[in-house]
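The structure under discussion appears below in the form of structure tokens.
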Amino acid sequence: LSAGLDLPGRFLFAILTLMMLIANLVFLEEAVYLYRKIPSSKKSIIIWINATAPVIATTSCIGMWIPRSTMFTDFTAAVFFAIVIHKFLMMMIKECGGQNLLLKRFANDRFKISTGPCCCCCLCLPRVRITRRTLFWLKLGTFQFVFFRPAFMFLSIVLWTNGNYTLSNLSPKGAAIWISCFVGVLTIIALWPVGIMFLQVRTLLTCKKIIPKFALYQFIVILNNLQTSIINILARQRIIPCAPPLSSSARGAYITQQLLIMEMFLITLFSRVVYRRRYDDLEPPECKAEEDEDKKQTP
């Protein structure tokens with residue numbers, strides 16, 4: 001591939017590769033810090049979440065240098081990101097002290113389920129009591145993505161190797177349109193529980209920087225899914241013109257990979273700032289209630 005590049009192209013590839021390497025080095029340094037400073041119950045979850053941007057940057061860089069590996073690099077990034085969505089939900093529960101303490105803190109509260117991306121327009125939906133069963137359904141909503149997303153991606157690779165799966169074929173008789181629709185629905189279902197939980201705990205976890213953490217998570221969702229889908233659609237419609245020897249689809253893939261490397265590099269740097277802090281536990285609900293009672297009784 002590098003033999004077919006001109007000097008500006010080689011310079012661009014070198015810069016993007018260097019950004020990917022720096023992102024991985026920053027993550028490794030951060031992982032060592034988190035491994036030493038974080039309690040064991042939260043350690044693996046937060047390291048997994050921090051690894052999202054470097055992993056996507058690495059798979060994008062490999063796909064940029066080796067175009068024929070794009071299906072396999074996309075499969076790796078998709079599997080990893082599906083796991084991270086579930087991990088982010090679990091992180092919010094852990095930051096509240098675990099499931100039992102979360103149920104105690106919000107024993108008299110209700111989940112607001114009229115939130116994005118599934119039901120943001122359905123304001124008439126009733127609020128749901130916070131119980132073990134509702135927490136189970138929220139965790140199931142993200143965990144199904146961990147199972148089904150890799151399964152559909154693996155099916156795509158099998159059909160692609162057999163010549164039955166092409167992204168440019170969006171006819172009802174083709175497999176691409178059906179697999180894409182199923183994955184889209186599963187993605188929305190997986191993102192919904194995270195939004196519900198965030199609305200419930202964002203005030204409680206303000207001291208733990210949950211709002212910037214959720215913002216970084218949302219940026220990764222948008223850039224890795226929505227941005228990629230928009231560029232692929234533009235390439236299929238020939239809005240992104242071909243530039244021999246690259247077809248429109250190949251150019252779209254290159255643009256996606258190069259943008260993701262730069263974006264994930266920046267997100268890695270921001271993640272280091274947001275997640276590098278002291279990881280003290282919240283006060284138990286009983287202690288907080290006693291402090292509030294003392295404040296009321298103080299003349």
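Numbering starts at 1 and runs along the chain as displayed.
Glycine is no exception: its Cβ is also placed from the backbone N, Cα and C atoms.
The transmembrane segment feature in TrEMBL is assigned to 12-33 (among others).
What TrEMBL records for 45-66 (among others) is transmembrane segment.
Residues annotated as transmembrane segment in TrEMBL: 72-89 (among others). Nonlocal intrachain contacts for the transmembrane segment (72-89), taken as residues 6+ away from its ends with a CB within less than 8 angstroms of a stretch CB, comprise 45, 48-49, 51-52, 55-56, 59-60, 62-63, 138-139, 142-143, 145-146, 149-150, 153-154, 156-157, 190-191, 193-194, 197, 217, 220, 224.
Within its own chain, the transmembrane segment (136-160) is flanked in space by residues 71-72, 74-75, 78-79, 82-83, 85-86, 89-90, 166, 175-176, 179, 182-183, 186-187, 189-190, 192-194, 196-197, which lie at least six positions past its ends and keep a Cβ under 8 Å from the stretch. Per TrEMBL, the feature transmembrane segment maps to 136-160 (among others).
The feature transmembrane segment is assigned by TrEMBL to 175-194 (among others).
Per TrEMBL, transmembrane segment is recorded for 214-235 (among others). Tertiary proximity for the transmembrane segment (214-235) is limited to same-chain residues at least six positions away from its ends with a CB under 8 Å from its CB atoms, namely 49, 52-53, 56, 77, 81, 88, 167, 187, 191, 194, 198, 202, 248-249, 251-253, 255-256, 259-260, 263-264, 267, 270-271, 274.
Sequence-distant contacts of the transmembrane segment (255-275) (same chain, six or more residues past either end, CB-CB distance under 8 Å): 12, 16, 19-20, 22-23, 26-27, 29-30, 34, 46, 49-50, 53-54, 56-57, 60-61, 63-64, 209, 212-213, 216, 219-220, 223-224, 227-228, 231-232, 240. The transmembrane segment annotation in TrEMBL covers 255-275 (among others).
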